[in-house]
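These features come from TrEMBL:
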COMPBIAS  254-263  compositional bias 'Basic and acidic residues'
DOMAIN    9-495  domain 'Major facilitator superfamily (MFS) profile'
REGION    242-263  region 'Disordered'
SIGNAL    1-20  signal peptide
TRANSMEM  65-88  transmembrane segment
TRANSMEM  95-117  transmembrane segment
TRANSMEM  123-151  transmembrane segment
TRANSMEM  163-182  transmembrane segment
TRANSMEM  188-209  transmembrane segment
TRANSMEM  296-315  transmembrane segment
TRANSMEM  371-388  transmembrane segment
TRANSMEM  400-425  transmembrane segment
TRANSMEM  437-459  transmembrane segment
TRANSMEM  471-491  transmembrane segment
Amino acid sequence: RYRGLTLVLTFLCYTSYHLSRKPISIVKSQLHPNCSALGPNPRNNSNSSTWCSWAPFDGDNYKELFGALDNAFLVAYAIGMFISGIFGERLPLRYYLSGGMVVSGLFTALFGLGYFWNIHVLWYFIIMQVCNGLVQTTGWPSVVACVGNWFGKGKRGLIMGIWNSHTSVGNILGSLIAGVWVSSAWGLSFIVPGIIIAAMGIICFFFLVEYPEDVGCSPPLHHDAGGVTSNEKDPEAVTYNEGPLSISGQSSADRSDSPKEPAEEPEAISFLGALRIPGVVEFSLCLLFAKLVSYTFLYWLPLYIVNVGEFLGAVRRERARRGERLFIPPLSLAAHFGAKEAGDLSTLFDVGGILGGIFAGLISDYTGGRATTCCVMLVVAAPTLFLYNHVGQNGIGTSVAMLIICGALVNGPYALITTAVSADLGTHESLKGNAKALSTVTAIIDGTGSIGAALGPLLAGLISPTGWNNVFYMLIAADGLACLLLARVVVKEVRGWCGCIARKRGYVCT
């Protein structure tokens, strides 16, 4: 019962985190729309193409300014994440998580209030993004630590793959909520998500249970003395200390022999100690490039859809003017989606992310190869991104299918590394049962990934003026680097499989 409550509550908490991050990508196309499509300028200014834009995003450098907004949040998030895990190991997780959610809601709402207060200075929006990026680092180490405290290693990949769909669910809900007001009063696209995350923070404060011991339960067993997951039948089992609800195989007589005095509290692991855990460095660097790709889509996909629609629409009109036969399907992106329609279509990428996270967790549980699963998905993702850029705009059906496939292949490895892999490494056998490493390891891995999350949107803002093709080439190169960085761990996993097969067949693999 408590395990299920923890899983659901942390799911809703982090859903609200991503829900509050998404509006900026939806509102971008409204901050700098194509004003010429709205008719003549009522103020009779000479610049008819930007009269309806929101200053300071009404200039030709609007993409660079959007990149600066994204980067302000993501750089602050990346820096804060390395510190956040250290605090998360030493402060009560319930206070730390709920406090961060309430403050994050405040800064999200303040960004939206810039619309109603008629603020047109860049520094205001930059400061709100920086502050929000810092306080949002309270979320990920806290929720992963809470789930890791309740669940053993057994089916962690599948459980956390399903649980990690909160990222995509939050992005989808954030897109839909922001889309309701983006064309009428875009400030509400931030204020409403801010209220939601603050409300969830209050609920978290009253109902979150951090540790099984807090409610009279025993913690799950991650490894036995030999480093193998304990409890073959149900590695996930959380045993109760007393009463008829006991699900442990341990008898009451065995429990009576247990010492009554509590064990000495282990010290929290140091930053360098966490880096020495095998696999932390490799997966951290891989996540840097995987998250670069994912967050570029998160922040720029709606604008890409709008821009491609405008370009194809212009091509179609020009061909019609010349009397040429049109080969662009009538249901293609040439129909020119507005901000709301582009935001709704972009949610399909996150739908694919849900499927990819579950699939990656299931396969990695079955094979035991977390790195190999990530590597295969990254290899397939590279040509899929190329195809989406070149044929994904040829029709609605093609665009829908390609967005779902790209989302699955891009977000699958990202989801697996930030959840099951982080929990595995945070409870690694080399730690000898010290549970005080989970938050720090999670923060190191996600903090390194957040550097990529900051670089991706920044590079997209700088490269996109030269053409969207170049942005996709950058994303494909990042996928390739992410795959290469896991090569050593993949070789180790393959050798492990080879040795296992050799032992079953009665000979040694060389």
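Cβ atoms here come from the backbone N, Cα and C positions, even for glycine.
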Determine which recorded stretch among 123-151, 163-182, 188-209, 371-388, 471-491 has the most C-beta pairs below 8 angstroms with the transmembrane segment (65-88).
123-151
Interface-richest range of 95-117, 163-182, 188-209, 437-459, 471-491 toward the transmembrane segment (123-151), CB pairs under 8 Å:
95-117
Stretch contact, the transmembrane segment (371-388) with the transmembrane segment (471-491), Cβ-Cβ under 8 Å, 3+ pairs:
yes
Report, as numbers and ranges, which residues of the same chain sit near the transmembrane segment (95-117): CB under 8 Å and 6 or more residues beyond its ends.
13, 16-17, 20, 23-24, 54, 87-88, 124-125, 128-129, 131-132, 135-139, 142-143, 146, 185-191, 193-202, 204-205, 208
Which sequence positions outside the transmembrane segment (163-182), separated from its termini by at least 6 residues, show Cβ-Cβ distances below 8 Å to it?
7, 10-12, 14-23, 25-27, 30, 147, 188-190, 192-193, 196, 298, 302, 339-340, 343-344, 346-347, 350-351, 353-354, 357-358, 361, 407, 411, 415, 418-419
Cβ-Cβ under 8 Å with the transmembrane segment (188-209): same-chain residues at least 6 beyond its ends:
2, 5-6, 9-10, 12-13, 16-17, 19-20, 22-24, 26-27, 93-95, 97-102, 104-113, 146, 174, 177-182, 215
